[in-house]
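Engineer: Structure provided below as structure tokens; questions to follow.
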Amino acid sequence: MKQAGFPLGILLLFWVSYVTDFSLVLLIKGGALSGTDTYQSLVNKTFGFPGYLLLSVLQFLYPFIAMISYNIIAGDTLSKVFQRIPGVDPENVFIGRHFIIGLSTVTFTLPLSLYRNIAKLGKVSLISTGLTTLILGIVMARAISLGPHIPKTEDAWVFAKPNAIQAVGVMSFAFICHHNSFLVYSSLEEPTVAKWSRLIHMSIVISVFICIFFATCGYLTFTGFTQGDLFENYCRNDDLVTFGRFCYGVTVILTYPMECFVTREVIANVFFGGNLSSVFHIVVTVMVITVATLVSLLIDCLGIVLELNGVLCATPLIFIIPSACYLKLSEEPRTHSDKIMSCVMLPIGAVVMVFGFVMAITNPQDCTHGQEMFYCFPDNFSLTNTSESHVQQTTQLSTLNISIFQ
């Protein structure tokens, strides 16, 4: 919302969700037309070995970078949770983001990622979905109690902003699941295109409304001060948000193995003919997670990670490749609705990918990682560039600290 402008951002969310829904169904239709059961084999049969290699790189990079972003989120959120434990020194190395990332990797994400069948993660995914609903409730509650007391930036309600393409990249990152769609499709009982379509429609509708509520409540609360990681906006002494941070950290830890499954499958298909022995299954999993963990220890700004992964990996996986495969495989007439939509998605995807990358590099998001926002220190409001009315709003925080943050 901050990058696109609030009204345009809402419209773009609905548009990206529709494109995601369409392309997910299109992908499985392409698999049915080509007689293939993986994304890589579909592209290989459609565009040959060069297309196969390109997809393999994208299909590996997207979940791998997602694993890095999940580690960053876990380290950022859970470190603030443990700092709120009474008697714990905030500088203690055992509650620092580096230690937490390492500990969560060894105790949770690595063991869960060692499963061979993605269906084993069904109950874990259910827990993650439940926690997401709980987090949404906390964000909505704070929009009501905290939002009115934070000054709004001057451009908070403009219809559109120049960085809308970057926003599409972040939204693409949020919605994409194409890289593991065939894995999920094959885990269905009696998988059919019709059953997959119903599942996708229901899932996307739920997802878009969760995203809309998160985006609206978060942006209405913080407007132009919104960070790439929304929880970086909340004050550390807010106990309700601290509980939300804990749920958020657990959610991304439980989501992490889904991405690891895809990276491992890509490596298995490219280098091992699609099958990994028990030993290589463990070795590949440990190596991928180790590299992702090391990279996440060196990077602490989430916004740029989401943008680059969205425009470079998610956009071609959502917009370009499914459309290109279907156009080449389908024998439907050119006026068929699926072909018309595919022809529209291809150039739009290319534009978002190229311009989104350029804008993400030349105009990156601000990152105030680990810093308290100015409104968490009401006495320092004069350091901010706000209007007189905004200053008056900000000073009200000093009298509201007890009721809001305790």
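Every residue, even glycine, has its Cβ placed from backbone N, Cα and C.
No curator has checked TrEMBL annotations; they are predicted automatically.
From TrEMBL, here are the annotated features:
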type	residues	note
DOMAIN	1-361	domain 'Amino acid transporter transmembrane'
TRANSMEM	6-28	transmembrane segment
TRANSMEM	49-73	transmembrane segment
TRANSMEM	93-112	transmembrane segment
TRANSMEM	124-144	transmembrane segment
TRANSMEM	164-188	transmembrane segment
TRANSMEM	200-222	transmembrane segment
TRANSMEM	242-258	transmembrane segment
TRANSMEM	279-299	transmembrane segment
TRANSMEM	305-327	transmembrane segment
TRANSMEM	339-361	transmembrane segment
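On this model, are these features tucked inside or out on the surface, and what's nearby?
Structural biologist: Long-range contacts of the transmembrane segment (49-73) within its own chain (CB-CB distance under 8 A, at least 6 residues past either end) are made by residues 39-40, 43, 101, 104-105, 173, 176, 179-180, 229, 248-249, 252-253, 255-256, 258-260, 262-263, 266-267, 269-270, 288-289, 292-293, 295-297, 299-300, 302, 305-306, 308-309, 312-314, 316-317, 321.
Same-chain residues lying 6 or more positions outside the transmembrane segment (93-112) and placing a CB less than 8 Å from one of its CB atoms are 71, 74-76, 78-79, 82-83, 85, 121, 124, 249, 253-254, 256-257, 260, 285-286, 289, 293, 296-297, 300.
Same-chain residues lying 6+ beyond the ends of the transmembrane segment (164-188) with a Cβ under 8 Å from its Cβ atoms: 1, 3-5, 8-9, 12-13, 16-17, 20, 23-24, 27-28, 31, 37-39, 59, 62-63, 66, 117-119, 195-196, 199, 204, 207-208, 211, 258-259, 261-262, 265, 306-311, 314-315, 317-319, 322, 351-352, 355-356, 359-360, 363, 365.
If one looks beyond the transmembrane segment (200-222) by at least 6 residues along the same chain, the residues whose Cβ comes under 8 Å of a Cβ in the stretch are 1-2, 6, 9-10, 13-14, 17, 20-21, 24-25, 132-133, 136, 139-140, 142-143, 146-147, 150, 171, 174-175, 230, 233.
For the transmembrane segment (279-299), the list of distant contacts is 64, 67-69, 71-72, 75, 98, 101-102, 105, 109-110, 113-114, 116, 260, 263-264, 267-268, 272, 305: same-chain residues at least six beyond its ends, Cβ to Cβ under 8 Å.
Note on the transmembrane segment (339-361): residues 19, 22-23, 26, 163, 165-166, 168-169, 172, 304, 307-308, 310-312, 315-316, 318-320, 322-324, 326-327, 330, 332-333 of its chain, located 6 or more positions outside it, place their CB under 8 angstroms from a CB of the stretch.
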Engineer: State the non-local partners of the transmembrane segment (242-258) in its own chain: residues 6+ outside its ends, Cβ under 8 Å from one of its Cβ atoms.
Structural biologist: 63, 67, 70-71, 73-74, 77-78, 80-81, 84, 104, 108-109, 112-113, 115, 118, 121, 124-125, 127-128, 131-132, 134-135, 138-139, 180, 231, 234, 236
Engineer: Give the nonlocal contacts of the transmembrane segment (6-28) in its own chain as ranges (CB under 8 Å, at least six residues past its ends).
Structural biologist: 39, 42, 156-161, 164, 167-168, 171-172, 175-178, 181-182, 185, 193, 196-197, 200-201, 204, 207-208, 211-212, 215-216, 219, 318-319, 322-323, 325-326, 338, 341-342, 345
